[in-house]
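Chemist: Can you keep this structure in mind? I'll have questions shortly.
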Ligand code: SF4
């Protein structure tokens, strides 16, 4: 079976996921890298799941390509973490994908502080369009989605038809709990974003991420002043 978005039918995903059903995340990664090779990319946001996935990927494909959507609006701590990861895994190919326009050009074109007035438009310019551009070079992409993260992610499978990006989305961590993610990070002494220790369970752009009080939904600090809950990458 040719593993390409325009070839696979809905039923093919069911067959693939049935085959992977009893495998653990490492075996899923072995299977997908074997299937897609260099036509597979990991789009990483460098959150806690990202640290686990990078470590697992490095055990399967030492020169895997990892792309970070660099909106220009991330926390300094996130950029520092990327430097640490590059140092720890020197053979991984970590790329920063930039939007077509700079923050200054965006302000001129769309007005100041677009993220406050129209966060969907801002995410489109700084995340969706760059990811679309990056994914057009690959047959499949990896994402760190977990089912328990939000009701919109509950039906995520290991291998998913991604109509938004005309691609195949692979989610090896669907069954992991937050506790398991942190157990893995601590056990393997992985680097992680220091903002996680300052009440930021989910970290995105600085303008759109707030700390979260204990007991609150971990994602409630994202776009806290609007109805928005996802940047649109996983619709
Ligand atoms: S998360 Fe906020 S600042 Fe970042 S691209 Fe989306 S709207 Fe813009």
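Numbering starts at 1 and runs along the chain as it is shown here.
Cβ atoms here come from the backbone N, Cα and C positions, even for glycine.
If you look up TrEMBL, you'll see 231 marked as active site, nucleophile. Under the heading [4Fe-4S] cluster binding site, TrEMBL lists 122, 123, 205, 208. Residues or ranges marked as domain 'Phosphoadenosine phosphosulphate reductase' in TrEMBL: 40-211.
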Chemist: With H, G and I counted as helix, E and B as strand and the rest as coil, say where DSSP puts residue 123 ([4Fe-4S] cluster binding site).
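Modeler: Note: residue 123 ([4Fe-4S] cluster binding site) is helical by DSSP.
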Chemist: Across the whole of the domain 'Phosphoadenosine phosphosulphate reductase' (40-211), what does the mean pLDDT come to? Round it, please.
Modeler: 97
Chemist: On the three-state reduction of DSSP, what should I expect for residue 208 ([4Fe-4S] cluster binding site)?
Modeler: helix
Chemist: Just how many other Cβ atoms lie inside 10 Å of the Cβ on residue 123 ([4Fe-4S] cluster binding site)?
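Modeler: I count 24 other Cβ atoms within 10 Å of it.
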Chemist: So what sits near residue 122 ([4Fe-4S] cluster binding site) in its own chain, CB-to-CB under 8 Å and at least six residues off in sequence?
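Modeler: When sequence neighbours closer than 6 are ignored, residue 122 ([4Fe-4S] cluster binding site) has 106, 110, 114, 115 within Cβ distance under 8 Å.
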Chemist: As a test of the contact definition, list every same-chain residue at least 6 positions from residue 205 ([4Fe-4S] cluster binding site) whose Cβ is closer than 8 Å to its Cβ.
Modeler: 71, 73, 74, 115, 126
